[in-house]
Amino acid sequence: MAADVSVTHRPPLSPEAEAEAETPETVDRRTPEQELPPLDPEEIRKRLEHTERQFRNRRKILIRGLPGDVTNQEVHDLLSDYELKYCFVDKYKGTAFVTLLNGEQAEAAINTFHQSRLRERELSVQLQPTDALLCVANLPPSLTQAQFEELVRPFGSLERCFLVYSERTGHSKGYGFAEYMKKDSAARAKSDLLGKPLGPRTLYVHWTDAGQLTPALLHSRCLCVDHLPPGFNDVDALRQALSAVYTPTFCQLASGQDGQLKGFAVLEYETAEMAEAAQQRADGLALGGSHLRVSFCAPGPPGRSMLAALIAAQATALNRGKGLLPEPNILQLLNNLGPSASLQLLLNPLLHGGASGKQGLLGAPPAMPLLSGPALSTALLQLALQSQNQSQSQSQKKPGILGDSPLGTLQAGAQPSNSLLGELSAGGGLAPELPPRRGKPQPLLPPLLGPSGGDREPMGLGPPASQLTPPPAPMGLRGSSLRGLPKDSGPLPTPPGVSLLGEPPKDYRIPLNPYLNLHSLLPSSNLAGKETRGWGGSGRGRRPAEPPLPSPAVPGGGNASNNGSKAFPMKPRLLSPIASNRLPPEPGLPDSYSFDYPTDVGPRRLFSHPRESNLGAHGPSRHKMSPPPSSFSEPRSGGGSGGPLSHFYSGSPTSYFTSGLQAGLKQSHLNKAVGSSPMGSSEGLLGLGPGPNGHSHLLKTPLGGQKRSFSHLLPSPEPSPEGSYVGQHSQGLGGHYADSYLKRKRIF
């Protein structure tokens, strides 16, 4: 159904009548988008000459029919009268691609060598076909040549660039051509310029066939009419409005496949002159309350093809910068990211917005709530709960590497713990099947930072922070010593200010070295001496001491029976240099855990070696390794006599050439004379000196030049020719060892 619109147009008038008809009413009826001032004839001539020169500036020629053995030099000699910028010869196809100085030389070369002969072969010379020519349409009429070059130059090297001007007025017709040296540059320019807004217009870019583009075809016969009234669909009214001078041969409104109008129309005239006259009369014409904007389309295609091209170009321009799928909303994005990533994404700008510490000109901002919007607060809360539920369910379903997760044993009604490590228990590690204590859950991590329970007092660690119900020992660990023992589950008061490592010894001598100072290793609150408290507390008395389990004595003279009752004993000398006897374990405490192994199996068995017969009379103990002599540590008030040196420790560089026992004895006498310890300053760092029955030297790696010696792995070096004398110019043991190594290295 045709819309009820009013069309206002003027019949063709002579120049004299046209001047007389310029009335305010006529000016109001025709309001073009942009009025351009008239140009003088000289400026019109210059613009037209520039367009013609650029249009003919095709300087690339193609030579066909060359002999198969032609060389590049022969082509240069053939075109010696011209200035060659580029020449490529394809011997297999017998062609040459040549770029000359300008289009005039290219035309002259074509006229001279076309259908000429070279070695009795006829040549064919013509312009190279190009596929990098673009037509940029819907430009503002006031755009100059320099501005157009600036618009298209950033995408690549230009071969030609020019605007098309009207032969009557000299003004731009609103489109121009740009030819690039490479096709990929032209494709990039088309992709970036299509749909780009330039002033009040939107650019349209089309590929152009340079072979079909002639000087006569530079001027378009098609017009594009936009700024139509909303919902305008009367084709006859539009045809009548633009038939004031000439009647168009084609007039159609643009519509999509669904029949929806696109808001513009395309008209085609018989000649370019008719189209130009219709454009000048119809531009700014009032139609249905709107002023039409009439512009030139790209030249070449007919009106029907141009209409389809403009519809496709408009769709591309509207979807500029968008993907094929619709943009997802914020909820879909957060759902795809997951709860943890969503929380981090939402909270980062809120938490770190003022992390820089910079304040505005008016000072610090007032205190504002973290989440001002209730919807955002609710969303974050739901995400947090969902993330927590997922993490808990995953941790309960998936067993850990060492067995079931400790989270799986937590009851549903248990309250969350306030501490990450929980409360220290009275014993060692927790069994996986430990039931939670009433009111408080079990700690998530066992107290692996140090011993607890009965081991704390002799080590100088102080009493434990609190006590939980001791867990039942696994069947593989508990033995007959646990049967029949009563359970103890009474809580103890938590002493204030006690760290995980407990209290340091009161008579500990702080080293003078600032890097080994105790202040840099332990908290300052633990440096002050405190009263040593046992397991007893208010309302609870100390249990009577029970005799320790009997075990064979150590050859070194120390009593290691209590230490041998545990799988991995913590020595009393580990954190204190004071010699003291270990308190017997109390019943029901994890201190009474033990292995049910024979008396001939102990920690020394872990380090056993077939090289035991070399020690002679100093036979190794069947239960524990012999500690080093007392000369390896500081004098102690209550220590036992030192035993023979273990064959696993060699304390000096001489152990490279002698057995461990002999080298250790030599080094011990040397240390007595010098007054230093072979273990270095680290021996007294935390009281790690080995006691009479301690094996702290097993917990260390030998320092720099101190290595374990095994005479059966490396051959014994030859004795030094200089004996034990080391003079000023003597090579000593090091030089002799190097010579011996060079002699014997081939056996490896």
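In case you wondered, yes, glycine gets a Cβ from its N, Cα and C as well.
Among the features that Swiss-Prot reports, N-acetylalanine is placed at Ala2.
The phosphoserine annotation in Swiss-Prot covers Ser6 (among others).
Here Swiss-Prot flags Ser14 (among others) as phosphoserine.
The phosphothreonine feature in Swiss-Prot is assigned to Thr31 (among others); the stated evidence is a large-scale study or a structure entry. In the three-state DSSP scheme, Thr31 (phosphothreonine) falls into the coil class.
Per-residue pLDDT, averaged along the motif 'Nuclear localization signal' (45-60), amounts to 93 for this model. Residues or ranges marked as motif 'Nuclear localization signal' in Swiss-Prot: 45-60 (among others).
The domain 'RRM 3' annotation in Swiss-Prot covers 221-299.
What Swiss-Prot records for 307-401 is region 'Interaction with PTBP1'.
Under the heading phosphothreonine, Swiss-Prot lists Thr469 (among others), citing similarity to another entry as support.
Residues annotated as phosphoserine in Swiss-Prot, with similarity to another entry given as evidence: Ser480 (among others).
The phosphoserine annotation in Swiss-Prot covers Ser576 (among others).
Annotation comment: Swiss-Prot describes Ser626 (among others) as phosphoserine, evidence class a large-scale study or a structure entry.
Residues annotated as phosphoserine in Swiss-Prot: Ser630 (among others).
According to Swiss-Prot, the feature compositional bias 'Low complexity' maps to 675-685.
Annotated phosphoserine per Swiss-Prot: Ser716 (among others), in sequence order, evidence recorded as similarity to another entry.
Marked as phosphoserine by Swiss-Prot on the basis of similarity to another entry: Ser720 (among others).
Positions annotated as motif 'Nuclear localization signal' by Swiss-Prot, on the basis of sequence analysis: 743-746 (among others).
Its Cβ taken as reference, Thr31 (phosphothreonine) is surrounded by 13 other Cβ atoms within 10 Å in the chains shown. Sorting the motif 'Nuclear localization signal' (45-60) by DSSP state (H, G, I as helix; E, B as strand; all else coil) yields 11 helix, 1 strand, 4 coil.
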